Amino acid sequence: MSDTPKDFDGRRWHDMGGQPAGPVKPAEHDFALWEKRVDALQVLMSSKGYFTVDGLRRALEDMGEDAYEKYSYYERWIAAVNQNLIEAGLYTLEELGAKMGEVKTRGGTYGDASA
Amino acid sequence: METPVHKAPFHKVRVKTMMPPGHIRTPAYLRGKVGVIERPLGEFGNPELLAYGHQGPKKPLYRVRFTMAEVWGPGAETPTDTLDAEIFEHWLEPVE
Amino acid sequence: MPHDHHDHDHFHHDGMSPSGHPYRADNDTPLTYWQTMEIAVREILIEKGITTPEEIARQIDEMDARSPANGAAVVARAWVDPAFKTRLLDDASAASAEMGFDIGGLRLIAVENTDEVHNMIVCTLCSCYPRNLLGLPPDWYKTRAYRSRAVKEPRKVLEEFGVTIPDQVKIRVHDSTADMRYIVLPARPAGTGSMGEAELARLVTRDSMIGTGLPKTP
């Protein structure tokens, strides 16, 4: 991260082995329903052949370091799943945008909106 | 299909130093490092193609064992500790 | 540090969910952009007949059924049955399937801790984990700190987990870089000679199968 553009050797941000980092904090949480659904969508759509685990990882890597620091694991995963499904041509951004707009009108919480 | 570098375990290999961009499963910290093949793992889809929606031929994959001294040099935490990683054949070159 | 990593005071606590994590609040926080996207993607896929609500629910149930208890049962079997242990070290996927665990396409390698070697698992490039046997990985496994440091200073990282490995024991770190996943077969604790398989399995912690912990002692 402290690399200047001149020092850049091609190592990408996700390739973390051996980089300096702080202590390992034993953090964990149980997964929320929406996170489990993201996980399930990833497994189902890749097992149906719409993308590969490498396609998912590629999208996660291409989101960049800022996204890794800013968003949670399954937030990045749904973005990567969506990216791959769009690339697979399963639906269009227009369809997605319209559906997301409709979902938002249902209520202010995940419970209300995911009826 | 390329012929495998080594079918038998415990042959010396060096990880290629090239640094192309993109989805690659060879960690940067192992580039240029010399290890021994712990075991061949069989042939697997090439992540560098699969990531972009292509198939291509499968590639031989090996588990390669490195010493911490080789990977981290004089600053290694415990030089004789070891590290195993799975490396595709097209990232390995034989060391005589 | 990603913001979803809720710190907890202790590590191996009771009151864990079936997937081996503390419970957390679920559906009653304000709807986020990403949650909206999840709902929308799921509903579009259902409307187009690509998946069904039942298929998604079944997949979630399957993942919930996978937990460290599965791995613990495999480890305990290996502790009491030398022939099974041989098969496990030869082909951990087949040995796990033999015990009835549905591990899908998981290609599992078991690595054995002995008096000479302590094994430890990491994925420096992302967060590869034997999820089809042990369930989803703990948050710390996916952090920058663990992914960066486990390959360079494993002994220091182990100290942070409260595990001290004697100098004469070699550490062998496994970076899950490609198609294999790893499970540590921890050494059977002393003083467990009279214990049966089920009792032994309760000594096997998740972290002892990642290599960042040791089994409990009786």
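Here the Cβ of each residue, glycine as well, is placed from N, Cα and C on the backbone.
Features of the protein shown, as given by TrEMBL:
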BINDING   C:CYS123, C:CYS126, C:SER127, C:CYS128  Fe(3+) binding site
COMPBIAS  C:1-15  compositional bias 'Basic and acidic residues'
DOMAIN    C:34-212  domain 'Nitrile hydratase alpha/Thiocyanate hydrolase gamma'
REGION    C:1-24  region 'Disordered'
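Taking the features listed in TrEMBL, we show where each one sits on the structure.
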| residue | record | Cβ contacts under 8 Å, 6 or more apart |
| --- | --- | --- |
| C:CYS123 | Fe(3+) binding site | C:TYR129, C:TYR141, C:ARG147, C:ASP175, C:SER176, C:THR177 |
| C:CYS126 | Fe(3+) binding site | none |
| C:SER127 | Fe(3+) binding site | C:PRO137, C:TYR141, C:LYS142, C:ARG147 |
| C:CYS128 | Fe(3+) binding site | C:SER176, C:THR177, C:ARG181 |
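Other residues of the same chain near the Fe(3+) site, with their Cβ within 8 Å of the Cβ centroid of C:CYS123, C:CYS126, C:SER127, C:CYS128, are C:THR124, C:LEU125, C:TYR129, C:PRO137, C:LYS142, C:ARG147, C:SER176. Closeness to chain A is evaluated for the binding-site residues C:CYS123, C:CYS126, C:CYS128 by Cβ distance, with values under 8 Å counted; counted residues in sequence order are C:CYS126.
DSSP assigns C:SER127 (Fe(3+) binding site) to coil in the three-state reduction, outside any helix or strand.
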